[in-house]
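A.B. asks: Next up is a structure, given as structure tokens.
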């Protein structure tokens, strides 16, 4: 298999040595009986070797890269997934989402999953409060889940999770409390509604190797304010997405994981103290916000 690299005035003999090595590695996969695995490994080798040859990678740089990935592994545990952060900050997560979620008519766009999802969040009734003691400005979020033909999707499962006003998720606290997350099901009309918190921008964990990488290249570790959604329903494509906050200054600076899409930016309308709430909840002298996020699910594969 022929590969391509930039011309670095390398001698023909040296090019032949490098090309021969690539071909030998590729031939090592000839006995692989899994066609997809063989394709993945061959493409990975070609692109990896092309990168090494293109930048003329030094041995010190390669050893540094190995140490970096080792550090990523060491800091990863059941509460912190540094490899997800690395994938996100390099845009690899969003690129994978892009190739696997081809735009379908008017379906809601997908974005990154993130490292803070838990699969054992509590269930709340429609209109319930997902905050669970997390602090922040109360926000009423509502919408309707439909398919691409406009039909309501009853009993769709909606998982939501978000940070508190300090930009921290529940899993980042030592007390192992569960807050700022829950799941619910749409009603017969496909409607959902709940109390949450107005999202705020926050930095991804940047006290580890990924944070060091961002600092070295002059990038901000801050994510734009957002609220996570995962929506599932039979025979429809599972949707992982966010809603972002219109007017968030971080939108102009940029999202550290490249997750923002214009269609997902929603206005959180701030309500004055004493403004009646949709469900009659008494918030006293507090301001609160409300937004609407209608969700359109694409057909399943």
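Placed from the backbone N, Cα and C atoms, the Cβ positions cover glycine too.
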A.B. asks: Among 104, 202, find me the residue Swiss-Prot lists at the same Fe cation site as 169, 226, 228.
C.D. replies: 202
A.B. asks: Around the recorded Fe cation site, report the further residues of that chain (criterion: Cβ within 8 Å of the mean position of the Cβ atoms of 169, 202, 226, 228; site residues excluded), sequence-ordered.
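C.D. replies: In sequence order, the nearby non-listed residues are 114, 116, 161, 162, 163, 167, 199, 223, 227, 242.
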A.B. asks: Which ones in the same chain are close to residue 226 (Fe cation binding site), with CB under 8 Å and 6+ residues apart in sequence?
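C.D. replies: Listed in sequence order: 162, 199, 242, 243, 244, 245, 259.
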A.B. asks: Which three-state DSSP class does residue 169 (Fe cation binding site) fall into?
C.D. replies: coil
A.B. asks: Counting across all protein chains shown, how many other Cβ atoms sit within 10 Å of the Cβ of residue 228 (Fe cation binding site)?
C.D. replies: 23
A.B. asks: Counting across all protein chains present, how many other Cβ atoms fall within 10 Å of the Cβ of residue 169 (Fe cation binding site)?
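C.D. replies: Here the count is 22.
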A.B. asks: Mind giving me a neighbour count for residue 202 (Fe cation binding site)? Other Cβ atoms within 10 Å of its Cβ, every protein chain shown.
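C.D. replies: The Cβ of residue 202 (Fe cation binding site) has 23 Cβ neighbours within 10 Å.
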